[in-house]
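Asks: I'd like to ask some things about the structure below.
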Amino acid sequence: MWLPFLYPPPASVYVAAMSAVSLVSMANAGLAELRGNHMAYSKFWHVVAAGAGGNKQGKSAGALLRSRDGMLVAYAPAFLAAAASFAVPGAVDGARAQLLSAALAVHFLKRVLEVLFVHRYSGSMPLDTAVTIGTSYLLSTVNMIYAQHLSRGLPDPPIDLLYPGVVVFAIGIFGNFYHHYLLSRLRADGGGGDKGYKIPSGGLFELVTCPHYLFEIIGFFGFAMIAQTVYALAVATGTAAYLAGRSCATRRWYESKFEEFPARIKALLPFVL
């Protein structure tokens with residue numbers, strides 16, 4: 001008896017292994033965030049650099065990129081892969097596969113455009129961090145499309161979540177963009193480094209520290225609902241685990257920087273977490 005909202009797992013050892021690896025590695029990354037072992041980007045680059053001896057120039061951290069360039073390295077390959085999938089014969093046959101590839105392309109194109117025109121950056125990003133994030137997103141994108149391709153010919157799930165998934169994805173991507181925009185406005189008149197950070201306000205920032213992460217999780221579960229594959233669900237669940245840990249770490253960071261940070265504001269889920 002299989003789950004009624006998923007395709008049966010394809011006969012692919014690779015996809016099965018990558019489903020487990022994606023879930024476990026992302027969940028472990030979330031636990032690392034909770035333990036204070038942060039991925040060195042955004043505000044936590046300063047924390048990691050300080051922990052390495054206070055060297056914010058990163059001389060002991062390997063090659064550095066400007067933060068904007070680093071985030072382009074992180075997002076652009078996944079966008080290009082999703083867009084290129086339409087040119088590969090047979091890769092995106094059928095409405096479900098086409099909508100999944102389109103949603104992935106839209107998601108990462110949005111991130112690239114935000115990097116170029118919305119976000120305000122200061123400081124640097126280690127090259128190895130940018131490559132790690134970019135490789136993770138690229139593999140997730142390619143594997144999600146590949147797992148969808150392998151589902152061709154398998155029995156359709158009794159519960160069809162394709163079009164509800166499109167709605168959930170749209171909610172996620174618009175909510176994520178809106179809160180990214182609010183964050184960018186906070187730093188419109190700020191300086192670089194820690195001095196450029198302020199307590200976010202507006203939208204769901206009145207209730208949680210990281211509503212942009214909440215909506216990113218919603219978007220990834222939109223992918224999972226469109227795809228209805230084990231791999232897509234594993235990626236969405238792993239992403240939720242990682243961003244939950246990152247959100248809790250972010251809330252602690254704000255508490256450490258601002259004495260007036262409101263205790264009522266949760267990390268990720270209003271009134272809960």
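Glycine residues also receive a Cβ, built from the backbone N, Cα and C atoms like all the rest.
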Asks: Do you know which of 110-129, 130-149 TrEMBL annotates as transmembrane segment?
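Replies: Range annotated as transmembrane segment by TrEMBL: 130-149.
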Asks: Is the count of Cβ pairs under 8 Å between the transmembrane segment (12-34) and the transmembrane segment (161-183), pairs 6 or more apart in sequence, 3 or more?
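Replies: Per Cβ check, the transmembrane segment (12-34) does not touch the transmembrane segment (161-183).
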Asks: Helix, strand, coil: count each for the residues of the domain '3-oxo-5-alpha-steroid 4-dehydrogenase C-terminal' (162-273), based on DSSP.
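Replies: DSSP classes over the domain '3-oxo-5-alpha-steroid 4-dehydrogenase C-terminal' (162-273) add up to 78 helix, 2 strand, 32 coil.
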